[in-house]
Amino acid sequence: MRSSWDIRVTDTSLRDGSHHKRHQFTGEEVRAIVGALDHAGVPVIEVTHGDGLGGSSFNYGFSKVPEQELISIAVDTAKNAKIAFLMLPGLGIKDDIIVAQDNGASICRIATHCTEADVSIQHFGLARDRGLETVGFLMMAHSIAPEKLAKQARIMADAGCQCVYVVDSAGALVLEQVSDRVEALVQELGSDAQVGFHGHENLGLGVANSIAAVRAGAKQIDGSTRRFGAGAGNAPVEAFVGVCDKIGVKTGIDFFAIADAAEDVVRPAMPAECLLDRQALMMGYAGVYSSFLKHAERQAERYGVSSAELLVRAGKRKLVGGQEDQLIDIALELQRERL
C-alpha cells in the first residue's frame, strides 16, 4: 500500500454492479468506467460477473460479454489502477484464476460463506504460487459471532490470504456490530494479514459502517461509485471519499474527479438508480444476501406474490449465496397460502 494511503479503496461497480445490471455490461461501458475511476485515482477496480468467475450461467444469469474479455479491456484501459477479480470456489474453478491472471488481473479475491473458509485453501495456495495479491471474503458476516468470524479469518490467512474482509452481504450490520467484527479480526490476524470491509446500503449505513470499520482497524474498504451494486447498492465511493477527506483519512482518490465519474460516466451505464426501497430495506432488516433482490423481483412477478414477503422468508430460512433457486419454492409456498 502506498504511503499516501491510509485506506485502500476497491471499487466494485463492475462486479457488484453487475447484479443490478443483470450482468449486461458492454466492453464500451467497462472501458469508460475504468477510465474515469482510474483518472480519479481509484487504486483497485474489480471486474467480473456479479457472482464471480464462472458465474455466467442459467442459475445466476448470463453475461452479455464474457467476463474474461471485460477483464482484458479493463487491464488495457487502466493506467495506474490494479484490476481485481472475484471468485467463489465451486462456482469458479482454479483454471479461471489462471486465465484471469493471463488477461492481466493482479488481485485475486476469493469469497466463501463466513463458516466455510476451508474451501478456499487450495485457491489461495494457487494464487500465491502464481504471484497474485490475495484477498478473502467472509460473506454474510452478520450471521455469526465476531470470535467465530475471526477463527474463519485465521484459516484464510494461514492459507495465504493477505487481507480478510468482513463482508456484510445483506447490509444487515449496524455500526458497533461492524466494529466488533473488524476488531476481532485485527486482534486475531495481527501482522499476518490486513482486514477489510465490504458494506451494502440496505439499512442506509454503507458509508457509516465503512467509517466504523476504518476506526476499528480496517485497511481496505470496498464501495461502488453511485452505489452501483446489489440490493440498495454498496457504500458510494464518492461519499466515502468525501467523508474521509473531512475526517483526515487519506484514500488517494480525488473527491471532485470521483464525483464527476459518478454523475457523468457511471450513472449513464446504470439501468436505474440503486434505491433503498421496500425490497432492499427488507433484505437489510431480515439479513438476506443482497444479490437476491433481482431474483426475488422476478419470481414475485412470475408467481404473483409479494417480493418483500419473499425476501423476509428467505431471511428466516437463512439462505446464502448459491441458494437463489429456493426463492421459487418460497414463492410457490406463498402462492399456496393465498388459495
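Any Cβ shown, glycine's included, is placed from N, Cα and C.
On the 0 to 100 pLDDT scale, the domain 'Pyruvate carboxyltransferase' (7-259) averages 97 in the predicted structure. The feature domain 'Pyruvate carboxyltransferase' is assigned by Swiss-Prot to 7-259.
Annotation source Swiss-Prot lists site 'Transition state stabilizer' at R15, citing sequence analysis. R15 (site 'Transition state stabilizer') has a Cβ environment of 31 other Cβ atoms inside 10 Å. Secondary structure from DSSP puts R15 (site 'Transition state stabilizer') in coil.
Swiss-Prot lists R15, D16, S169, H198, Y289 with the feature substrate binding site. Every protein chain shown contributes to the tally, and the Cβ of H198 (substrate binding site) ends up with 32 other Cβ atoms within 10 Å.
Annotated Mn(2+) binding site per Swiss-Prot: D16, H198, H200, in sequence order, evidence recorded as sequence analysis.
The Cβ of H19 (active site, proton acceptor) has 26 neighbouring Cβ atoms from other residues within 10 Å, across all protein chains displayed. Residues annotated as active site, proton acceptor in Swiss-Prot, with sequence analysis given as evidence: H19.
Put simply, of the recorded positions R15, H19, S169, the one whose Cα is nearest the Cα of H200 (Mn(2+) binding site) is S169.
Same-chain residues with CB within 8 A of the center of the D16, H198, H200 CB atoms, the Mn(2+) site residues themselves not counted, are T12, V167, D168, S169, G171, G199, D222, S224, G229, A230, G231, N234, A235, S290. Within 10 Å of the C-beta of S169 (substrate binding site) we count 31 further C-beta atoms, all protein chains included.
Straight-line distance linking the Cα atoms of H19 (active site, proton acceptor) and Y289 (substrate binding site), rounded to a whole number, equals 12 Å. If you take the C-beta of Y289 (substrate binding site) and look for same-chain residues 6 or more apart in sequence within under 8 angstroms, you find M139, M140, S169, A170, M283, L319, V320, G321.
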